[in-house]
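Enquirer: Just dropping this structure here.
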Amino acid sequence: MERFKKASSIIETLKQQGHEAYFVGGSVRDLIIDRPIGDIDIATSALPEEVMAIFPRHVPVGLEHGTVIVVENGEPYEVTTFRTESEYEDFRRPSSVQFVRSLEEDLKRRDFTMNAIAMTEEGKMVDLFAGQEAIQKREIMTVGNAADRFQEDALRMMRGIRFVSTLGFSLETKTKQAIETYGHLLEHIAIERITVEFEKLLTGTYCVKALKELVETKLFSHLPYLQMSEEKLLKATQYKWDSFEADIEAWAFFLYCIGEEHPAVFLRQWKFSNKKIKDIVAVLLTIRKRKEKDWDTVLLYKTGIHIAEMAERVYEAMIESYDHTAVNRVQTLFQALPIKNRQEMNVTGNDLLNWASKKPGPWVAEMIQKIEEAIVQGNVVNEKECIREWLQECNLL
């Protein structure tokens, strides 16, 4: 409750000004579950302009949705006006938002009962939709009619299965049936938004359970490049998933599990940045080399520590060894390298031109590469004079 106490002065101030205010959303849910708490959000009957007038230190981040960030005790908190939403457009966004003075009206527009619990600054729960009961049953259940909630915003179906992965809860029967019925509406949602949810699913503690739900609800058939992948996904559930430290690792492991032969093509369908695609593919290529042999200085140097660490974690998950000292060994080997990158070489192309008295040409880059490999392999010390002597001994000058 300590973090809520730091924010309670916002609620107290709003109430002193004649408004209602409560803690709401995921932070309240996680407090009940006893999970680490993320951002703390506050809902209030005060209109956005009233919130801004009461709190001088504020940032008007989403006034059309009623949200103002209030800075209190050095921490930012989202304060959002109670609201209802009109008819939804394209199964993803409301055509308009109306501010209201009723907490119940605000809570009943939310996705799942576990996320529709409010809490006073004293810690008293306001649970109008049996959210605590759902948490006790470890069930993910929509607020009101599941068909209505998913037709309002189809992304809620992906969120539901993402919560299976992060919380280990199960989909309530009617909620699950509605996902099976309305899964096709997910095709109206921007790929980028789906990717965010799927990434959280892949990095969740209960990922295997969530992947099984994707298959059972047939929701996978409306995801990019997975339309015909039921057998592949079931194959992925046979692996023991570790909790990966980076989303790149999780994607690499997932692509390995489903046996994806064209990872770059797959990832482009999910609208990843070129940088992220490059990193995930690099991890997969490194794992392929790692399967053939253990790390040596040349492989580690060419790979770089960032990709090498991720590749080793994924490799350990693939072979189900879960040797948590393996990455430490990679780090130790990398620290022992004579140089970590080409910029640390104590020789330049100009040095070679001066020593050889030859015209510039492709030979300079080729020679730099030979010197680089020799330094990494320990065949020559990374000192200018030593490098010159080595070149002469090898008749390379």
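Backbone N, Cα and C define each Cβ position, glycine as well.
Swiss-Prot lists these features:
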- Gly26, Arg29, Arg110, Asp153, Arg156, Arg159, Arg162: ATP binding site (BINDING)
- Gly26, Arg29, Arg110, Asp153, Arg156, Arg159, Arg162: CTP binding site (BINDING)
- Asp39, Asp41: Mg(2+) binding site (BINDING)
Enquirer: Find, for the listed binding-site residues Arg156, Arg162, the residue with the lowest Cβ contact count at a 10 Å cut-off, counting only other Cβ atoms.
Expert: Arg162
Enquirer: Look up Arg29 (ATP binding site) in the DSSP assignment and report helix, strand or coil.
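Expert: SS state of Arg29 (ATP binding site) = helix.
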Enquirer: Around Asp41 (Mg(2+) binding site), how many other CB atoms lie within 10 A of its CB?
Expert: 18
Enquirer: Hey, what's the Cβ neighbour count for Asp39 (Mg(2+) binding site) at 10 Å?
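Expert: Here the count is 12.
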Enquirer: When DSSP is mapped onto helix/strand/coil, what comes out for Arg159 (ATP binding site)?
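Expert: Looking at the DSSP assignment, Arg159 (ATP binding site) belongs to a helix.
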Enquirer: Can you give me the Cα-Cα distance between Arg159 (ATP binding site) and Asp39 (Mg(2+) binding site) in Å, rounded to a whole number?
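Expert: Arg159 (ATP binding site) and Asp39 (Mg(2+) binding site) have their Cα atoms 17 Å apart.
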Enquirer: Long-range neighbours only, meaning 6 or more apart in sequence with Cβ under 8 Å: which ones does Arg110 (ATP binding site) have?
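Expert: Listed in sequence order, they are Gly25, Ala116, Val143.
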Enquirer: Helix, strand or coil for Asp153 (ATP binding site)? Use DSSP.
Expert: coil
Enquirer: Tell me the coarse DSSP state (helix, strand, coil) of Arg110 (ATP binding site).
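Expert: Going by the DSSP assignment, Arg110 (ATP binding site) belongs to neither helix nor strand, so it counts as coil.
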Enquirer: For Asp39 (Mg(2+) binding site), which of the binding-site residues Gly26, Arg29, Asp153, Arg156, Arg162 has the nearest Cα in space?
Expert: Gly26
Enquirer: Same-chain residues six or more away whose CB lies under 8 A from the CB of Gly26 (ATP binding site)?
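Expert: Once residues fewer than 6 apart are set aside, Gly26 (ATP binding site) is near Gly38, Asp39, Asp41, Asn115.
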Enquirer: Record lists Gly26, Arg29, Arg110, Asp153, Arg156, Arg159, Arg162 as binding CTP; longest Cα-Cα distance in Å?
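Expert: Comparing all Cα pairs, the maximum is 21 Å.
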Enquirer: When neighbour density is defined as the number of other C-beta atoms within 10 angstroms of a residue's C-beta, which of the binding-site residues Arg29, Asp153, Arg159 has the lowest density?
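Expert: Result for the binding-site residues Arg29, Asp153, Arg159: minimum number of other Cβ atoms within 10 Å at Arg159.
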Enquirer: Translate the DSSP assignment of Asp39 (Mg(2+) binding site) into the three-state scheme.
Expert: coil
